[in-house]
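Q: Structure below; questions to follow.
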């Protein structure tokens with residue numbers, strides 16, 4: 001008689017996705033980040049749920065309700081620290097996951113990749129509205145600056161901004177709706193994650209060589225279930241270490257000052273995981289141009305499958321494109337650094353050069369090098 005997990009309508013789905021799933025035998029630790037992102041998402045939803053039980057989305061009490069959570073609620077400080085730092089780990093895993101996809105050509109699974117880009121945008125939106133909720137100085141001014149960018153939209157810009165604000169400035173209506181969005185978006189992310197998963201399992205996983213691996217598959221359990229478990233332990237170890245020993249390392253000190261519309265902080269900057277996009281936004285001296293560049297910096301990922309020119313899938317056997325990939329990684333790091341710096345010489349020039357290089361790599365250099373490598377292969 002067949003096992004229950006193979007016959008039960010619900011368990012069969014779990015079995016086909018997590019137990020008897022045929023996986024390439026040679027996928028490396030870079031393939032762990034999908035499950036780590038799942039862990040981050042579950043952690044964020046659970047800690048967020050407990051925070052929402054004590055938080056009040058009102059300008060008069062939001063800041064003090066967060067202080068109350070940290071001081072008076074049982075383990076409230078821990079829940080808040082894990083939620084705040086969990087967001088950073090979410091983005092670390094996200095960037096590594098995207099980097100893996102770019103390096104090994106996983107973007108050629110177009111549906112999976114495009115849903116992934118939409119997920120990336122949604123996670124960014126969720127993190128942005130979440131950062132506004134403690135109603136500190138950086139929360140308020142970050143919300144003001146970023147929502148104000150929508151005023152650059154021709155004709156409807158000003159109306160759009162006031163519609164999002166729910167008034168003539170960032171105020172109580174804005175905070176309340178941002179809390180509603182912050183609660184809603186993670187569940188949309190869960191739904192899209194299921195779709196992401198579904199499309200991935202239509203094709204099966206890619207592998208480091210980029211070669212079809214149908215001839216060499218192993219069951220997901222026990223091989224990759226234990227491998228993923230090891231990744232989960234490392235992630236939880238790193239997250240708990242940061243949350244216990246240095247919970248405010250990645251935060252902004254200005255956010256410990258209650259929001260004051262009359263006093264602007266000396267440097268308005270978002271959390272570290274948005275700095276590369278913020279640097280691209282600031283590198284263009286025109287408002288609409290900056291907004292378009294900001295959008296393009298993320299949406300350019302959707303063009304990657306179209307711009308793939310190489311006959312090989314991944315970069316494992318393509319040293320020239322490998323070099324460009326690592327230049328791209330360094331460029332994103334430089335943009336992240338510039339995004340956190342004041343707008344003055346020499347940071348302006350460095351930011352502009354790095355922004356131009358970012359788009360040039362994606363649109364010109366990497367596709368051209370792929371074509372060149374094809375030619376070199378033909379010569380042999």
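Quick reminder: no glycine exception, Cβ is built from N, Cα and C everywhere.
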Q: Identify the transmembrane segment range according to Swiss-Prot, selecting from 77-98, 143-164, 253-274.
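A: That would be 77-98, the stretch labelled transmembrane segment in Swiss-Prot.
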Q: Which residues of the same chain, at least 6 past either end of the transmembrane segment (33-53), have a Cβ under 8 Å from a Cβ in it?
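A: Same-chain contacts beyond the ends: 69, 79-80, 82-83, 86-87, 89-90, 93-94, 96-97, 100, 182-183, 186-187, 189-190, 193, 228, 231-232, 235-236, 239.
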Q: What Cα-Cα separation, expressed in whole Å, is found between residue 196 (heme b b566 binding site) and residue 182 (heme b b562 binding site)?
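A: Taking the Cα atoms only, residue 196 (heme b b566 binding site) lies 21 Å from residue 182 (heme b b562 binding site).
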Q: Which stretch from 77-98, 113-133, 178-198, 226-246, 320-340 shares the most C-beta pairs under 8 Å with the transmembrane segment (347-367)?
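A: It is 320-340 that shares the most Cβ pairs under 8 Å with the transmembrane segment (347-367).
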Q: Nearest to residue 97 (heme b b566 binding site) in three-dimensional space, by Cα, is which of the binding-site residues 83, 182, 201?
A: 201
Q: Count, for each of 77-98, 113-133, 178-198, 226-246, 320-340, the Cβ pairs lying under 8 Å from the transmembrane segment (288-308), and report the range with the highest count.
A: 113-133
